[in-house]
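S.K.: Sharing a structure here in structure tokens format.
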Amino acid sequence: MAELYYDDDADLSIIASKKVAVIGYGSQGHAHALNLRDSGVDVTVGLREGSRSWAKAEEQGLKVAGIDEAVAAADVVVILAPDQAQRSIYAEHIAPNLKDGAALLFAHGFNIRFGYIDPAPGHDVVMVAPKGPGHLVRREYEAGRGVPVIVAVERDESGQAWELALSYAKAIGGLRAAGIKTTFTEETETDLFGEQAVLCGGASQLVQYGFETLTEAGYQPEVAYFEVLHELKLIVDLMYEGGIAKQRWSVSDTAEYGDYVSGPRVITPEVKENMKAVLGDIQSGAFAERFINDQDAGAPEFAELRAKGEAHPIEATGRELRKLFAWVETKDSDYTEGSAGR
Ligand SMILES: NC(=O)C1=CN([C@@H]2O[C@H](COP(=O)(O)OP(=O)(O)OC[C@H]3O[C@@H](n4cnc5c(N)ncnc54)[C@H](OP(=O)(O)O)[C@@H]3O)[C@@H](O)[C@H]2O)C=CC1
Ligand SMILES: CC[C@](O)(C(C)=O)C(=O)O
Ligand SMILES: [Mg+2]
Ligand SMILES: [Mg+2]
């Protein structure tokens, strides 16, 4: 049975008594830094020279410094740059400046699990991994709620690493929802599997195939878009509230019956075998190696795949339709330049 932790199980004063450096101001970085600040923590954002996030973080009322300077002053260094950049940031800017006894905190275990970062002895190594995108970590905190987190200790040199991690989890709002005790290995492997097989890879491919099937059969792209992408959120909202059972309760009997008879025709047992193969590549390190090798070569495969995804006809259809939604606050221009921090 999982060990669950809530606000009352954590002592906010532990993290509030430390100087925290948050390295990176992208999806997770901005959310952690702002939530920590609003929870009364002394936080400095550490950014590379010339960073375009520098002015943004300052405008949002945060202290900002170069990475070396932020690390040198910190009791807790939170590494929230992209996974593929962490190894060199750690070697060039963190390790040489890390104070004796300073703790390292991650939001994903990738670099520790696959050995790209191996901190020197004497430092606690902990993880607080939100189970949701950074922009929701901030939005939920501002709404008085939180995104669940999973929490792990890889190295406990101080004897206080767990208490520190829980305190941090409370400060970013995670324990308002729940914290679950995990390990770096479990977090890394389940997180990579979830995003590849279901949340990002699986869902995107399912939506694209659904859109292609309808439009190739001659139906209007706009109708197909509403059917397989827009409505997906509304259906998933019901799953989020009450599981698959609530979704099946709310939809028509026709839809529920169609779910039972056609779902397994589309998502066949072969798909589960494919999922197992994906998990195998994650566990063996083959996925991590492919990703990092591509990044080290300038990310040619990543760039090609990203361009292909952006060129899919569902994106053009969606861009036009979303202009008509008065209630969708995020403008496409907020993210068309790439991922959150680029
Ligand atoms: N995205 C998410 O919601 C989730 C992410 N995580 C984990 O959180 C961590 C951060 O991910 P995420 O928030 O997506 O990262 P982002 O891609 O959003 O991070 C962007 C930030 O990192 C900085 N950065 C990028 N490259 C470098 C570099 N070479 N040197 C110095 N700074 C750099 C950027 O600087 P600049 O501003 O100068 O461009 C920017 O501030 C990862 O470990 C990830 O797996 C965990 C849960 C969910
Ligand atoms: C689902 C993707 C994620 O793991 C996340 C938002 O939790 C990520 O790496 O961005
Ligand atoms: Mg995740
Ligand atoms: Mg992830």
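Heads up, the Cβ atoms here are built off N, Cα and C, so glycines get one too.
Copied straight from TrEMBL:
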type	residues	note
ACT_SITE	H108	active site
BINDING	Y25, G26, S27, Q28, R48, S51, S53, G134	NADP(+) binding site
BINDING	D191, E195	Mg(2+) 1 binding site
BINDING	D191, E227, E231	Mg(2+) 2 binding site
BINDING	S252	substrate binding site
DOMAIN	2-182	domain 'KARI N-terminal Rossmann'
DOMAIN	183-328	domain 'KARI C-terminal knotted'
S.K.: Within the set S51, D191, E195, E227, which binding-site residues show a CB-to-ligand 4 distance under 6 A?
M.R.: D191, E195
S.K.: What is the one among the binding-site residues S27, Q28, S51, S53, S252 whose Cβ has the most other Cβ atoms less than or equal to 10 Å away?
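M.R.: Max Cβ neighbours within 10 Å, all protein chains included: Q28.
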S.K.: Among residues Y25, G26, S27, Q28, R48, S51, S53, G134 annotated as binding NADP(+), what is the maximum Cα-Cα distance? Answer in Å.
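M.R.: Roughly 20 Å, rounded to the nearest whole number.
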S.K.: Those binding-site residues, S53, D191, E231: which ones have a Cβ sitting under 6 Å from ligand 1?
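M.R.: Once distances to ligand 1 are taken from each Cβ, S53 fall under 6 Å.
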S.K.: So which one is it: of the binding-site residues G26, G134, which has the fewest other Cβ atoms within 10 Å?
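M.R.: Selected from the binding-site residues G26, G134 on minimum Cβ neighbours within 10 Å: G26.
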S.K.: Using DSSP, how many residues of the domain 'KARI C-terminal knotted' (183-328) fall into helix, strand and coil, respectively?
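M.R.: Tallied per class, the domain 'KARI C-terminal knotted' (183-328) gives 124 helix, 0 strand, 22 coil.
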S.K.: Cα-Cα, whole number of Å: the residue listed as 'active site' versus Y25 (NADP(+) binding site)?
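M.R.: Between the Cα atoms of the residue listed as 'active site' and Y25 (NADP(+) binding site), the distance comes to 16 Å.
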S.K.: Which whole-number value in Å describes the distance between the Cα atoms of G26 (NADP(+) binding site) and E227 (Mg(2+) 2 binding site)?
M.R.: 32
S.K.: Under 8 Å Cβ-Cβ from D191 (Mg(2+) 1 binding site), six or more apart in the same chain: what's there?
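M.R.: Spatial neighbours, sequence-distant, of D191 (Mg(2+) 1 binding site): H108, G109, A129.
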S.K.: According to DSSP, folded down to helix, strand and coil, what is G26 (NADP(+) binding site)?
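M.R.: Once the DSSP labels are grouped into three classes, G26 (NADP(+) binding site) ends up as coil.
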S.K.: How big is the Cα-to-Cα gap, in Å, between S27 (NADP(+) binding site) and S252 (substrate binding site)?
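M.R.: It is 37 Å, counting Cα to Cα.
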S.K.: Identify which of the following binding-site residues, namely G26, Q28, D191, place a Cβ less than 6 Å away from any atom of ligand 3, and list them by sequence position.
M.R.: D191
S.K.: If the criterion is a C-beta within less than 6 angstroms of any ligand 2 atom, which of the binding-site residues Q28, D191, E227 pass it? List them in sequence order.
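M.R.: Within range of ligand 2: D191.
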S.K.: Of all the binding-site residues given, E227, E231, which residue's CB has the most CB neighbours within 10 A?
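M.R.: The residue with the densest Cβ neighbourhood is E227.
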S.K.: If you count other CB atoms within 10 A of each CB, which of Y25, R48, H108, E195 wins among these recorded positions?
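M.R.: Most Cβ neighbours within 10 Å: Y25.
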